[in-house]
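Copied over from TrEMBL, here are the features:
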type	residues	note
TRANSMEM	16-32	transmembrane segment
TRANSMEM	38-57	transmembrane segment
TRANSMEM	87-113	transmembrane segment
TRANSMEM	125-145	transmembrane segment
TRANSMEM	152-172	transmembrane segment
TRANSMEM	192-213	transmembrane segment
TRANSMEM	225-244	transmembrane segment
TRANSMEM	278-297	transmembrane segment
TRANSMEM	327-347	transmembrane segment
TRANSMEM	353-378	transmembrane segment
TRANSMEM	398-416	transmembrane segment
TRANSMEM	422-442	transmembrane segment
Amino acid sequence: MADTVQDNRYARAPHLWALGVGAVISGDFFGWQTALSAGFLGLVVNLVLASVLYILLSFSIAELSTSVPCGGGPYAFAHRALGSTSAYFAGLAEVLKVVVTVAVIAVGIGAYMNQLLKLEEGHGPIWWVVFYVLFTVLNLIGVALSFRVQVAATVLSVVILIVFYIGAISYVDYGLWVRDQDWEWKDGASGLVNGFSFSMWFFLGIEELPLAVEDTIDPQVNMPRGLISSIVTLFVLAFSTAFFNTTISPGASAIFESASPLLDGYKTVFGDNSVTSGFSWLLIVGLLASFHSFIYCMGRLVMAMARDGFLPAILANVHPIRQTPTAGILAGTSIGLVTVIVMYYAIGFIRLGAVLINLALLGALISYAFQLVSFLALRVREPDLARPYRSPFGMPGALLCLGLVAYALFTIVYQGAGSSDFLVSIVIAILYFVLGAAWFAGVARHHIKPLSVIHQGERQGYVGADSPHAASLTKESTALA
């Protein structure tokens, strides 16, 4: 008997915009500054490439989310197009990304809190625990409240950025704060390679939106609208932040070293006084918007994978009344908190954020590759599959995006070869996937269930690509989509 999910749906396109932009907007507050290792003009070049990557990815995912309407997102797309083995590793990569990204944002929150209160960096773990617990509880309370908080936090974050952009206009001096600091280009081609992955931080997270499909009203219409409106907003914010935060005092060299670049920019524009200090507390909202959004997505990803047999069944448990993925949220946040604390004491604070960003990006890029290959496979194998929304860039766009994903992976490996700190992220990722492969071979592959999609408000069984009946059921699966 099909499970009804329509009654629990809440999100429309504006909520999805808030979730998509909110998941990413912390990148405008913290993390992107390391991309200045390529110099300001190098950052611009890398940002153009990253923008192309994420625009093409977003349109491809928009199509997949309507043709394979399932709460599992990346792993569900791979399950439908490539089979259960590919689905498992796509999901494993996505779990790595969301868990570590939450940890990265926690580091940013701690850095901002320490600077606002003039505390030493050693207080960071205290803030991590406080905010992990607070937002775990918020996500456990229920979907409706979570989306209301997300919309409010995202709108306020965008307003904070726009106020900064407008205020910074009269302070812009490219010659003084970039050229005179010899920060137009840094380290040539090597600088471009080293800085590319951090320019992606302006967009990382937009691809999480399909995980909200089970909370979305009429997802075939609202999901593409949410994705496209989100990527357009993020594109404008990314270039605006990079320009205005770098071309004013204290300049590119200082922003590159800053733990809280937007706060430094606010002090330049509005002064370092008691009024500015009070207003600066609002800057934390941007980080909290992303923190909340990723915890939401993490819980739904873990729940969906457990429900379909890829992870322990206990992680599929939901609250009987609120329908929140209780076990998935608790497991994901607990692992993330332990990870960030252990790595803090292992490598220290200075490189912690950058190393965690690269670890999150490794998971993200592997997940992107699976999603793009799934897009191509379904276009080739099932051209008649119902697609309520079609990517205007089609297969050429997906192939170009796949090439950019491969380049991004190369840049992270290149960094690992030249830095013991970044090598840590590669080693951790390898160990993670080795352990994951052992779990799949020994346990998970014996418990995998048919892919479950949403059709007219009900969850229905859906044949995967590796099923012997897949070919004969193409028309049926098309109807369900």
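The backbone N, Cα and C atoms fix where each Cβ goes, and this holds for glycine too.
Here the listed stretches are 16-32, 38-57, 353-378, and the one with the most C-beta pairs under 8 angstroms to the transmembrane segment (152-172) is 16-32. When the stretches 38-57, 87-113, 278-297, 422-442 are ranked by Cβ pairs under 8 Å to the transmembrane segment (353-378), first place goes to 87-113. In terms of C-beta pairs under 8 Å, the stretch of 16-32, 87-113, 225-244, 278-297, 422-442 lying closest in packing to the transmembrane segment (327-347) is 87-113. Spatially, the transmembrane segment (87-113) is adjacent to the transmembrane segment (278-297); three or more Cβ-Cβ distances between them are under 8 Å for residues at least 6 apart in sequence. Sequence-distant contacts of the transmembrane segment (422-442), counting only residues of its own chain at least 6 positions beyond either end whose CB sits under 8 Å from a CB of the stretch, comprise 85, 88-89, 92-93, 96, 310, 343, 346-347, 354-356, 358-359, 362-363, 412-413, 415-416. By the Cβ criterion (under 8 Å, sequence separation of 6 or more), the transmembrane segment (225-244) is in contact with the transmembrane segment (38-57), since 3+ such pairs are found. For the transmembrane segment (278-297), the residues of the chain that approach it from at least six positions outside its boundaries are 19, 22-30, 98, 101-102, 105-106, 108-109, 112-113, 116, 131, 135-136, 138-139, 146, 149-150, 153-154, 156-157, 160-161, 205, 208, 211-212, 260, 262-263, 266-267, 270, 329, 332-333, judged by C-beta separation under 8 angstroms.
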